[in-house]
Amino acid sequence: MSEIQGDTILIAGFGREGQSTLAYLREHYPRVQVAVADRNADAIKYVHHRTFSGEGYLDEIEEFDTVIKSPGIPPEEIFKKAKHLTTHTNIFFEACPGRIIGVSGTKGKSTTSTLIAHVLTEGMKKKIRWKTIMPDIRLIGNVGKPALDYLESSNEDTIFVMELSSYQLMDVRYSPYIAVLLPIYEEHLNYHGSMENYVAAKANITKYQSSDDYFFYYEGNDYCKSIASKSPTTQVSFRKFIGDTPLLGEANQINAGAAVAVATHFAIPGKKILTALGTFKSLPHRLENIGTYKDIEFINDSLATIPEATMHALEALGDKVETLIAGGFDRGINFSKLGPEIATSGVKTLILFPDTGKKIAEALPKKNTIKIFHTDSMKEAVKLAYKNTSEGKICLLSPASTSFNLFKDYEERGNAFRASVQELGK
């Protein structure tokens with residue numbers, strides 16, 4: 001394998017992918033010497049290998065034949081000192097015996113990946129007499145377990161549906177058999193340094209494709225169209241799916257459009273595609289209805305970490321949204337488009353978290369009648385929502401920001417919202 005060179009290997013970063021990489025090396029490369037580096041000493045305290053932690057955890061990078069970088073580590077100059085630098089994703093692409101459907105974009109990756117896997121599974125299963133034969137469809141990447149965990153027992157008939165983030169794509173040397181690109185918006189600029197770098201990372205999903213591969217892209221996004229114009233393979237544009245699905249909003253129409261396009265490529269009949277779309281259940285923290293309490297409907301859209309996602313949520317739910325909870329970690333994103341959207345929606349109460357809460361409030365038109373509250377407590381935010389939301393209306397958590405200043409991630413934020421709603425709604 002060209003991705004793993006020499007006898008000494010350093011795993012840089014020991015999150016889910018790093019742990020999966022270590023397990024893979026133990027099984028397939030038992031004779032190599034493996035070390036693990038992570039800034040957080042607690043993350044590697046139970047690792048029975050040579051370890052490095054703290055500020056200088058990458059200082060010994062030059063002594064290893066291969067360095068396997070985890071996607072969560074931002075690009076740093078020190079990685080240029082590595083003799084051979086690779087990633088979990090590169091190793092998977094090289095070792096994979098089956099076909100890979102890679103899905104990327106700014107928002108909707110998890111939903112679209114899961115939806116594609118669901119439609120392919122339902123559409124390709126066969127009934128022979130009393131027996132149902134299921135296709136070997138494996139959902140991997142950010143939405144599932146790390147990719148290398150799924151190689152076991154796979155073969156050339158296995159289809160992997162893989163969510164690919166910009167962090168993963170930035171360092172890849174391979175592209176999937178089918179690449180699916182959803183709309184691209186301003187995001188992750190603190191990691192990539194510029195919008196240009198971010199878009200370049202996304203473009204890698206098709207950069208290494210061959211003439212036998214396929215690139216599916218959303219026709220309504222300029223970044224997608226620009227990347228398609230440089231794609232070396234067959235390009236297939238897709239549009240929004242307008243039809244009956246359990247998924248709400250324009251963004252999910254785009255997600256469904258991608259799934260329909262891919263399913264059609266695999267010659268799944270339209271009737272089976274529609275049936276599969278109708279049985280799909282939305283993922284947690286994505287316009288998730290967590291229930292009605294005290295006659296108020298609460299919607300958890302914690303994964304909305306950019307203004308466009310919150311705008312899509314307001315469009316999907318309509319004028320029933322009377323209370324919006326938003327704000328979070330400040331990555332320098334522009335909220336100028338979000339303010340007017342909030343002002344022209346049905347929102348009457350705006351509950352804002354730091355740091356971006358102030359920016360969101362400032363983005364509102366000067367003449368507006370929206371009540372604005374600021375808090376750094378989810379429980380207090382939900383208390384305010386109960387007090388200020390009318391019966392029959394919706395309280396929507398759709399932050400338009402990441403969570404890192406107050407919560408570990410969007411899941412912890414969404415779970416805190418759910419817990420507070422349920423506790424205070426008794």
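Backbone N, Cα and C define each Cβ position, glycine as well.
These figures come from a predicted structure and were not determined experimentally.
According to TrEMBL, the domain 'Mur ligase central' annotation covers 103-237.
T106 (ATP binding site) carries neither a helix nor a strand DSSP state and counts as coil. Here TrEMBL flags G105, T106, K107, G108, K109, S110, T111 as ATP binding site.
The domain 'Mur ligase C-terminal' annotation in TrEMBL covers 285-400.
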Binding-site residues compared (G105, G108) - the one with the fewest other Cβ atoms within 10 Å: G108
For the domain 'Mur ligase C-terminal' (285-400), the number of residues DSSP places in helix, strand and coil: 38 helix, 30 strand, 48 coil
PLDDT averaged over every residue in the domain 'Mur ligase central' (103-237): 95
Residues close to ATP site centre defined by G105, T106, K107, G108, K109, S110, T111, Cβ within 8 Å: V103, T112, L182, A251, N255
Among T106, S110, T111, which are binding-site residues, the residue with the most C-beta atoms within 10 angstroms of its C-beta: T111
